[in-house]
Amino acid sequence: MKKIFFIFFLIWTSLSVNAGVFDKKNAFLKAEQAFVFTESQQNDRLSLNWDIASGYYLYKKSLEIKGENGQLFIPQLPLAEIHQDDFFGDVEIYRHQLTFSLPFTQLSATKQVEITYQGCTEGFCYPPETRVIALTSLERESGQISSAVLKEESVLSELPLAEQDRLAAKLIESKYAVFWFFLFGLGLAFTPCVLPMLPLLSAIVIGREQRPSTAKAFGLSVVYVQGMALTYTLLGLIVAAIGLPFQVALQSPYVLLTLSAIFVLLALSMFGLFTLQLPVSLQTKLTQYSQQQKSGVFGGVFVMGMIAGLVASPCTSAPLSGALLYVAQSGDLFTGAITLYLLALGMGLPLIFITVFGNNILPKSGNWMIQVKNAFGFVLLALPIFLISRVFPEIEMPLWFSLAFAFSLWLLYQFRNNKGVWVFTFILGVMGYLYYSYAMNRHTPAHQTTSLSQFERITSYAQLQQVLSKNPNSLAMLDLYADWCVACKEFETHTFSDVAVQKAFTDVLLLQVDMTKNSEANRELMQKLHVIGLPTLIFFNQQGQEIEGSRITGFMQASPFVDWLQKMKSIQPISQ
């Protein structure tokens with residue numbers, strides 16, 4: 001068993017070490033070298049030119065020219081080439097060179113234009129590039145851009161992406177992104193939301209009067225994983241297509257509390273307090289039906305796999321968020337289904353290995369199984385604590401401490417004749433108590449109340465624009481919050497209440513929108529800001545404009561969040 005875990009550990013760590021296969025920094029040109037941009041203003045026209053390196057191309061649909069007030073200018077573009085893209089299908093592109101011009105009469109309502117474009121090459125895509133051109137001189141030298149603009153672009157280029165955005169970008173860059181989802185799934189298999197599923201599957205396969213054969217154990221585990229894979233595939237497609245309304249239903253406190261109650265019952269049954277079973281009469285009928293149709297047991301395992309997929313979904317981590325973001329950006333439902341299926345298959349592979357190999361390694365049934373069953377009960381109790389704490393964060397630490405204390409007492413009883421275990425457990429208990437005391441003092445309700453009181457509530461997009469216009473010299477952060485959003489509560493409890501974060505907030509305008517009711521004003525604001533789900537944090541500069549590449553669309557711990565804020569602030573002194 002240890003060898004199996006070691007193999008999976010090597011696979012996951014090698015994936016992290018070799019993450020550079022996505023970048024290929026030495027194999028590709030820098031964006032400014034691949035797409036050499038120049039501009040000139042003469043003869044009452046603004047001329048734009050891109051010299052495109054061999055093997056590289058620009059997307060026609062990515063070209064966008066905006067004025068300082070956000071108005072769009074539509075240029076007359078030359079005929080584009082049709083290209084079969086790995087992710088977007090048939091797209092129009094430009095190779096070698098792109099040149100066009102705009103008359104100043106068309107640009108008379110603005111003093112500057114913002115030009116956005118994006119290019120790719122085989123197996124690699126660049127993030128969108130933006131150039132700002134001031135229209136103050138008709139004889140401006142070709143390619144000249146203000147130092148302030150260059151400085152801002154330099155700062156933005158160094159800005160770290162959020163974890164889910166960084167993952168999505170790497171996946172889109174990779175030609176074989178679909179297959180990488182399988183490896184990411186292996187990593188997700190060891191997250192707190194998936195790990196508790198291991199004893200549940202073991203109970204299905206091993207916890208029978210007669211242990212199933214290796215072939216049947218393999219079959220049960222595969223069917224279980226297929227049920228989980230189906231759930232994740234459908235979940236990903238629904239989230240990508242619907243967004244917020246589905247999040248509302250799935251992350252509702254009622255759903256989380258119901259799931260928690262189910263796992264508490266399962267844990268109590270594993271402690272032997274009672275046996276969960278159907279009435280004898282119904283069991284007899286089901287047994288007869290099962291004998292007539294051999295797939296009955298497998299069908300039940302398939303349904304349990306689907307349920308396991310739903311249980312894990314509220315605890316979506318950054319890699320899964322990146323996967324969903326990738327599906328949303330690809331726009332291809334078939335590709336999205338395949339990628340998320342492989343993600344779930346990777347998550348289920350460790351379950352299959354543990355079930356099959358564990359079935360042969362474990363000794364015959366005996367008293368040891370009672371101890372294992374009780375231990376699994378403690379593991380099952382961890383998941384409801386994890387879920388309940390997202391609805392009632394103030395009781396998270398007391399619940400974890402209570403579970404750890406109960407497990408320690410049980411462990412000491414099992415090894416009551418082993419002094420070494422007593423000493424080791426005592427040391428762990430002292431360390432756990434010290435950490436508990438520290439955590440309780442660090443995240444008190446007073447701290448949380450203070451952090452929330454700093455936010456100014458926004459109810460509409462119009463009000464947001466008005467507030468931003470009255471604070472032109474402040475960095476503003478907009479927090480899209482909802483009571484049903486469990487990750488939003490994590491931000492409040494673990495991030496916003498942190499002392500270092502509170503200190504970093506001193507010169508930041510803090511705004512918050514309550515999206516709980518999903519009202520018409522909420523939907524309008526989401527549409528205007530292009531928000532697909534919660535939590536979402538958006539940063540605005542001193543002009544009230546969103547800072548490009550600065551969004552946070554998933555939970556972030558306090559330390560990296562402080563670094564993020566410092567990066568945002570480093571952009572603010574720039575004046576154009």
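For all residues, glycine too, the Cβ spot is worked out from N, Cα and C.
Here's what Swiss-Prot has on this protein:
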- CYS120-CYS125: disulfide bond (DISULFID)
- CYS193-CYS315: disulfide bond (DISULFID)
- CYS485-CYS488: disulfide bond (DISULFID)
- 433-570: domain 'Thioredoxin' (DOMAIN)
- 1-19: signal peptide (SIGNAL)
- 199-229: topological domain 'Cytoplasmic' (TOPO_DOM)
- 275-295: topological domain 'Cytoplasmic' (TOPO_DOM)
- 358-367: topological domain 'Cytoplasmic' (TOPO_DOM)
- 416-419: topological domain 'Cytoplasmic' (TOPO_DOM)
- 178-198: transmembrane segment (TRANSMEM)
- 230-250: transmembrane segment (TRANSMEM)
- 254-274: transmembrane segment (TRANSMEM)
- 296-316: transmembrane segment (TRANSMEM)
- 337-357: transmembrane segment (TRANSMEM)
- 368-388: transmembrane segment (TRANSMEM)
- 395-415: transmembrane segment (TRANSMEM)
- 420-440: transmembrane segment (TRANSMEM)
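For the pair formed by CYS120 (disulfide bond) and CYS488 (disulfide bond), distance between Cα atoms is given as 35 Å, rounded to the nearest Å.
Secondary structure at CYS488 (disulfide bond), as computed by DSSP, is helix. Each residue in the topological domain 'Cytoplasmic' (416-419) gets a DSSP state, and the totals come to 1 helix, 0 strand, 3 coil. Around CYS488 (disulfide bond), a 10 Å sphere centred on its CB holds 24 further CB atoms from the protein chains shown.
Other Cβ atoms within 10 Å of the Cβ of CYS120 (disulfide bond) number 23 in total over all chains.
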